[in-house]
Amino acid sequence: MINAVGREIPEEILKKTGKEPFKGAYVYDNYEYTKAAPKARTMMDPKRSKLVENIHDVLVKCGIKDGMTISFHHHFREGDYVVNMVMEEIHNMGIKGITICASSLGKANDPIVPYIEDGTIVGIQSSGVRGKIGEAISTGKLQDLAIMRSHGGRVRAIESGEVRIDIAFIGAPTCDEYGNMRANGGKSDCGVLSYAMVDAQYADKVVAITDCLVPFPNIPASISMINVDYVCVVDEIGNPAKIATGAAKPTTDVRKIMMADYCTQFVINTPYFKNGFSYQTGVGGASIASTISLGKIMEERGIKMGLGLGGITTPMCDLLAKGLIDKIVDTQDFDMGAIESIKSNPNHIEISASEYADPFNKGAYVNKLDFVILASLEVDVNFNCNVVVGSDGMITGAQGGHPDTAAGAKCTIVIAPLLQGRIPAICTNVTTVTTPGETVDVVITDYGIAINPRRQDLIECMKGVNLPFCTIEELRDKAYAIVGEPDPVQFGDRVVGIIEGRDGTIMDVVHEIKQYEFKD
Amino acid sequence: MIHPNKKRLRRSMMFLNCQKPGLIKDPYIYKPDSIMLDLEDAVAENQKDAARYSLYHALQEIDYRGVERVVRINGLDTPHWKEDIRVCVAGGADTIRIAKTETAQDVHTVEEHVLAAEREFGRPEGSTLLMAALESCKGVLNALEVCKSSERLIGIALSGGDYTKDLQTVITGTGVELQGARQQMIIAARAAGVQCWDTVFTNLDAMDVFEKECEMIKMMGFDGKSLVNPRQIAVVHKVFTPTQKEIIFAEKVVKEIDDKKAKGIGVFTVDGKMIDIAFYDGAKRTIALAKASGVYEGDL
Amino acid sequence: MEVKKAAVAGTLESSDAQVTVEPGNGSIELSIESSVIHQFGKQIRKTVLETLDRLDVKDAKVNVVDKGALDCTLKARVECAVYRSNDITENLPWGGVIK
């Protein structure tokens, strides 16, 4: 069946998953449903301890068995040790058929690939995967379909009961013996624990894993003891050097700075750029440069941001410190500056992934965004974006909050250099659709800027603005004139994964990768 | 006939290594006035041949979108320059930058081979322009004869690295070691009616010093500067862009002179300043620069 | 043109291609490895074969390791390798068989 972004979703996949094809970004608005609820076990005897000696014992106490679904968060990013540590023990115990439901998985988790190959792990549900796990999925080593969900979509899947988490493992930079977890302090500071909050509320068993046990009560807690079954202390939950790097130096790449300047000029010429506006940006060089150049104009014109949202980097915190932002509302910290800021600045506030982006709660922050500045591997002439599958057909990225913020923001801007080597970023058809074009308003490249024709209002307000506007087809044609017209990636027949829309429908499927063949 | 591009705007002339495909594929994005595709110092001795094939196809197949394509060829004291000239002309380079020029004869030598190549490859005779880099004390002292050496010669460029070695000093950052050469060269260039460009500035971490240097050479009369990095382009353009005040004044001067000339008046005042016909060319240049910089909206 | 000995041109940097030519066994034996093989494999092969054809190379082993080079770079690397295998660096036929 062809879905609303023109993608063929095989009937067998619809049948197998019980899902519907994507029908549009807002068709589930006002939808009524009953939330799922976890099993809980009471804790009445004050003499009983939640502390468990090691991962093995905690797995036994949680009743680990074949076929369970377990969950993790990715706040330790490329410095994470928790996933590998738990999976190694599960593997050693001879457990099979595990499904991992993680907020994301990165290269740090490459060591679990052998467990995919030997059937310890049969399912992966994640915002995305990089490195060797992506290769394993793309080459058909995972038994079940991989499911790629946005950050908001993951919360929806858990809250609606589509996914039932048997055991949630939550790495906590600090924790007390009763399970109050905080993201700050200890050896593995990560700033916030936003993605893990829903796991704590909806998993049947919740395990805190920490390398810094602190005296009770560890408050204010990001995750409260009331949801925690066990606390396990280990030597190290992560590598601090890789959890948060120093603030990235502002880019000196003229191309990125140029695109950032285009972006800033665009932003300030929209009607949304006024006192109290809300804004989110990613961590790419051009996104950060946009924040910096926008900050200068805010200062010049005395315009303050009311809300800065999302994954946070130092340049946003600098604006907060200067009084140019009223509140930063934070779900992830990308560098040391952001972590320091949330510790010390009372206007820098931790929220849950549900508050951030969940389409199935009663209103998330993304819906209040004026601007979001995003990146994309590919954008097609219908403004559909691909942020998950690489140009070689391999799964290599994550949806993150891309589809959530795009759907929520009044003005969604995607910045992408027109060419990455020989690969055109603007193309006729993206390899895989992850964010529907109806939610993407503007594409900024080094060769020109295209506004989505659905946004005649934006086209109107850019009349007379001195920026290199053109159509998205013109951008594609410029790219093809330089590099040639690319052939589509040659995939195998087998579907290895699905890209889930934030409402739980199927946005696209990912096929198994195939050795390239010359066809005459 | 004077080549129509001889006096085009050349504020920013950016070097690019011909041997690096990633660099030469779309530098027009940065909007320099000219790119200088380098066959000389940036290319390793054993890759001189490889760089030429890349150059040829780049010149033939990449649409540089109106950016002037200068090629820096190897010096006349090397075995490479003759083939360099052939490939430049065959490929259709706009301009050849002659490295290590010391005399008018050097220019004549190159010109002879360029002409032969234009005939060999069926390019219009005289279509390939030349510029001369002065890189030695002798070259600097011969600036005037070099400037007057050829109809094809668009101007001279200082190459400070080699020049200061010849002077037995180094680039100090103060500019004192380059004072004489800069002064001598700009005077010679203006006397001969050609353009003049300052040497490269290589410390990319000192953008403020770079900007000061650009301001200084603009005040001295230079047309622009050789550049090593796209980051430098916007700075040069900013420095060379006339201010609104300068533009408005130049506009008045041009209009008043046109008007007064018709009425037979020679000397008059504009905004309290004494103005005569001697101001005309300068004011016209300011307008042209403003147009090129995209800041002129008047009707001149 | 004959490929007289093994010769190589180009690098493994992004946007470049490394082309190796060797004397062949009676025909063109072409192998291509590319970071953009899916999208541009066909085009790379076409460009390389056309360039060899223009140079009248009929008998050679040709190995291309492509890192996203544009056609103009592929041509330049093939030509350079072939002329290097003949030790020719001067009086090249610009605009003739090199085009």
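In case you wondered, yes, glycine gets a Cβ from its N, Cα and C as well.
Some features that TrEMBL has for this protein:
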- B:R72, B:E135: substrate binding site (BINDING)
- B:E135, B:D162: Mg(2+) binding site (BINDING)
- B:11-230: domain 'HpcH/HpaI aldolase/citrate lyase' (DOMAIN)
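Every protein chain considered, the tally of other Cβ atoms within 10 Å of the Cβ of B:E135 (substrate binding site) stands at 25. Long-range C-beta contacts of B:D162 (Mg(2+) binding site), restricted to its own chain and to partners at least six residues apart, with a cutoff below 8 Å, comprise B:K100, B:E135, B:S136. Mean per-residue pLDDT, taken over the domain 'HpcH/HpaI aldolase/citrate lyase' (B:11-230), amounts to 97. In sequence order, B:F15, B:M36, B:L37, B:D38, B:L39, B:E40, B:I96, B:R97, B:A99, B:A133 are the residues of the chain that are 6 or more apart from B:R72 (substrate binding site) and have a CB within less than 8 Å of its CB. When secondary structure is read from DSSP and collapsed to three states, B:R72 (substrate binding site) falls in the strand class.
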